[in-house]
């Protein structure tokens, strides 16, 4: 894996979260395969892109409003479910899951009225 | 990480971690345990008897959509013998309820259940949009809550149902326990964990999802690809509940059993009889016949304030005194149609629903 490689992913928002992302549920995007260990610090060591990186990347590149409804202390806000290829991210190592080409990552808010 | 196999069938790949137990299970076992736990809740609490007519309070949101789906499935699988209906209240909130009602109308087709929609406009002569234009965004949740409660009962009476089920889930109930503690509302604390509430004159209400985690309800809807609507109400949210909700979600992140543990604590509180006795005796509203702890029920009080241009009179004592100082309610005041208790002999004459 060279530093120029990218990974293409499908990201989906639902349960009301899509409202923070231009009211668009499904997004296709490419992210670098290797990213700094410390988000935004190009001089730090690199690691394979993981979900923690993706969450920050989405905040800085796709999120349109009210960041506090999406993130809290370097991860998603409690009450947001994350699925990796339809599996609960709690079974996949949560933020440490290393992204692979073609992965589908779904973010669902449970915080909206029922 | 290598894929893990399901802790229940030991065969398929695990796809979610249950917050209640920490078990890692596959999709099919998840459907089975989720539905079976709701069934057990229904059976252990003796919620229904064969032939009951049951209305599902349907908002188009995730909880009531999953409730309608699961109630239909369990009714068929275990032969409860229930007649199921969807009952929706249209508060008259443009851009919010009108969209979610479209979801309920699709649910009506998908689940082939009769649907009754009762609107605030039809019942009270006021939409929430009109109320907010009069009272602003500060106290409008009071109007909406009081009006919805009564509208559900009246809609249920029009459908001649015995019972209303709502989609309140474990997270909602744990939140309410916390709120009642923080407000010192001991009387409500004592009853907020009951699965079923029934006054003498009211239609039975219950919460089959009392022990179902919100996370599992959302996962169920996702895996089953159920059609639900999710947008926050455009008017001011219930701020106090919002704080309780954030607090609870933080607790859950640290220890997922927190939600069920809080419900168990709530159930274990024993309210002293002398505290219970401070609740006012129930009577019927002199103006509309709905149950009330005063001469006038809360909805009639709020409606009179709106009609006389003094909307706050239903909210604060001071504004109420100002209204009373203006004299009695005029004879031509708009009032809510008279409510006949469905448990009474007159119940068969209740049908006033426009066809």
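We number each residue from 1, going along the chain as drawn.
Keep in mind that glycine also has a Cβ here, set from the backbone N, Cα and C atoms.
Annotations in TrEMBL come from automatic prediction, not curation.
Features of the protein shown, as given by TrEMBL:
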BINDING   B:57, B:58, B:59, B:63, B:89, B:167, B:172  ATP binding site
DOMAIN    B:54-232  domain 'tRNA(Ile)-lysidine/2-thiocytidine synthase N-terminal'
DOMAIN    B:283-312  domain 'Cytoplasmic tRNA 2-thiolation protein 1 C-terminal'
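Most Cβ neighbours within 10 Å, among the binding-site residues B:58, B:89: B:58 holds that distinction in the structure as shown. The most densely surrounded of the binding-site residues B:63, B:172 is B:63 (count of other Cβ atoms within 10 A of its Cβ). Reduced to three states, the DSSP call for residue B:89 (ATP binding site) is strand. Listed binding-site residues (B:57, B:59, B:167) with a CB under 8 Å from any chain A CB: B:59, B:167. Residue B:167 (ATP binding site) counts 24 other C-beta atoms within 10 Å of its own C-beta, drawing on all protein chains shown. Look at the domain 'Cytoplasmic tRNA 2-thiolation protein 1 C-terminal' (B:283-312): DSSP puts its residues at 12 helix, 4 strand, 14 coil.
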